[in-house]
Amino acid sequence: MTRERLQDVSEGELLSRLFPIFGDTVGPAEVLLGPGDDAAVLAAPSGGVVLTTDSMVRGRDWRDDWSSPTEIGHKVVAQNVADIAAMGAVPTGLLITLAADPATEVAWVLALGEGIARAAREAGAPVLGGDLSAAGEGSIVVGITAVGDLQGHRAVRRDGAEPGDVVAVRGSLGRSGGGLQLLLAGRGHTHRDPPLGETGDSLARAIEVLCRVHRRTEDVPWRAGPEAAAAGATAMIDLSDGLVRDLGRVAAASGTRIELDGRALAAFAAGPLTLALGAEEAMRQVLSGGEEHSLAATFAPAAVPDGWEVIGVCTDGSGEVVVDGQVPPVTGWDHFSG
Ligand SMILES: Nc1ncnc2c1ncn2[C@@H]1O[C@H](COP(=O)(O)OP(=O)(O)OP(=O)(O)O)[C@@H](O)[C@H]1O
Ligand SMILES: Cc1ncc(C[n+]2csc(CCOP(=O)(O)O)c2C)c(N)n1
Ligand SMILES: [Mg+2]
């Protein structure tokens with residue numbers, strides 16, 4: 001059987017097959033006009049619109065031998081929604097850009113659409129439209145632009161942390177980075193491996209969980225962003241490039257020092273991460289693993305909402321992040337310098 005390729009179908013044909021996939025993401029009354037016209041029309045209930053964009057590139061941000069198109073679609077939406085949540089906003093819409101080699105299988109693109117639609121439904125963010133373009137041989141770039149609404153809250157920026165605030169995390173740390181390490185080491189669980197289900201020992205299950213988190217990004221605490229804003233968070237960020245690097249951005253923007261508590265962080269390294277990678281590498285991933293997309297925020301000590309784990313405090317300083325008083329020997333992710 002010869003597989004249908006993008007070069008075998010017209011743009012219009014591909015779109016007519018993608019729209020039904022996104023159709024049931026368009027529910028909210030705020031969508032005045034969805035995909036199909038020159039642009040979508042979204043009501044802006046609170047008057048402030050939050051906008052972000054983030055893309056994934058084949059071979060750089062995913063590998064086809066590790067990740068399925070559905071997982072990639074889920075992950076690229078999750079990354080964007082985490083940025084909306086990190087401002088204290090709720091996601092209200094998504095625009096999708098796809099630039100792909102014409103030899104790409106149509107089935108691959110539709111499966112990507114399924115993953116996008118799944119994450120869109122989870123986040124309550126309708127797919128409003130997008131753009132298609134051809135790319136060079138072997139190239140695929142998937143870009144998402146996400147729109148969010150502050151629902152009357154002020155935006156929670158990176159520069160509002162004050163000495164005396166506590167630093168708290170909502171969600172996991174190091175799991176995605178741990179999964180990447182396992183995949184790079186050839187010990188990972190890929191989309192081609194059968195799911196373990198109830199079978200498998202605890203090590204195999206730990207490896208499966210970490211790799212699945214890396215491949216599709218799971219459990220992004222989307223709703224916790226607006227909750228933190230309502231609770232008076234003074235600064236917030238989503239963790240994309242590693243805890244220490246991203247908190248360094250908060251510390252630098254706010255003009256504070258962030259002092260993290262190694263014991264509190266060790267609790268995040270326990271469980272699957274330590275089982276799969278050993279205690280030392282598990283802690284390294286907690287401090288520097290990328291693509292976790294959990295939220296980190298600063299609060300007045302009495303204002304930390306339920307579900308957030310306090311991991312440190314802000315003190316007088318100018319952008320340093322220390323763990324138990326020491327500058328940790330880790331960096332984080334950088335697209336260009338590694
Ligand atoms: N090409 C660009 N042109 C203009 N502004 C950009 C460009 N790339 C990034 N920015 C802006 O720089 C800031 C940091 O971008 P970045 O992509 O690192 O976002 P982030 O939230 O730090 O990371 P992530 O998207 O991984 O959560 C954002 O405000 C973003 O809009
Ligand atoms: C094949 C492959 N190699 C490496 C990585 C790791 N990686 C890519 S982007 C990123 C940080 C966040 O980026 P952004 O700031 O754009 O959200 C990380 C840790 C991967 N996912 N796939
Ligand atoms: Mg971010």
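Even glycines carry a Cβ here, placed using N, Cα and C.
Record features, source TrEMBL:
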- 36-148: domain 'PurM-like N-terminal' (DOMAIN)
- D38, T52, D83: Mg(2+) 4 binding site (BINDING)
- D38, D83, D238: Mg(2+) 3 binding site (BINDING)
- T53, D54, D131: Mg(2+) 1 binding site (BINDING)
- D54, D83: Mg(2+) 2 binding site (BINDING)
- D61, E291, W333: substrate binding site (BINDING)
- G130, D131, R158, S240: ATP binding site (BINDING)
- 162-323: domain 'PurM-like C-terminal' (DOMAIN)
- D241: Mg(2+) 5 binding site (BINDING)
(message) Running a distance check here. Ligand 3 versus the binding-site residues D83, G130, S240: which have CB less than 6 Å from one of its atoms?
(response) D83, S240
(request) In three-state terms from DSSP, label D61 (substrate binding site) for me. (result) coil
(request) Give the subset of the binding-site residues T53, D61, D131, R158, E291, W333 lying near ligand 1, defined as CB under 6 A from any of its atoms. (result) none
(message) Restricting to the domain 'PurM-like C-terminal' (162-323), what is the model's mean pLDDT?
(response) 97
(request) Please work out the number of neighbouring Cβ atoms within 10 Å of the Cβ of T52 (Mg(2+) 4 binding site), leaving out its own Cβ. (result) 20
(request) May I ask which of the binding-site residues D61, D83, R158, D238, S240 is closest to T53 (Mg(2+) 1 binding site) if we compare their C-alpha atoms? (result) D83
(request) Give the subset of the binding-site residues D61, G130, D238, S240, E291, W333 lying near ligand 2, defined as CB under 6 A from any of its atoms. (result) D61, S240, E291, W333
(request) Pop the Cα-Cα gap between T52 (Mg(2+) 4 binding site) and W333 (substrate binding site) into the table, whole Å please. (result) 19
(message) Measuring Cα to Cα, how many Å separate D61 (substrate binding site) from S240 (ATP binding site)?
(response) 12
(request) Out of G130, D131, R158, point to the one nearest D83 (Mg(2+) 4 binding site) in space (Cα versus Cα); all of them are binding-site residues in the record. (result) R158
(message) Excluding near sequence neighbours, so keeping only residues 6 or more apart in the same chain, what lies with its CB under 8 A of E291 (substrate binding site)?
(response) K75, Q79, S176, G177, L180, H214, T217, S240, W333
(request) Give the sequence-ordered list of residues that share a chain with D54 (Mg(2+) 1 binding site), lie 6 or more positions from it, and have CB atoms under 8 Å from its CB. (result) V76, Q79, N80, D83, G143, I144
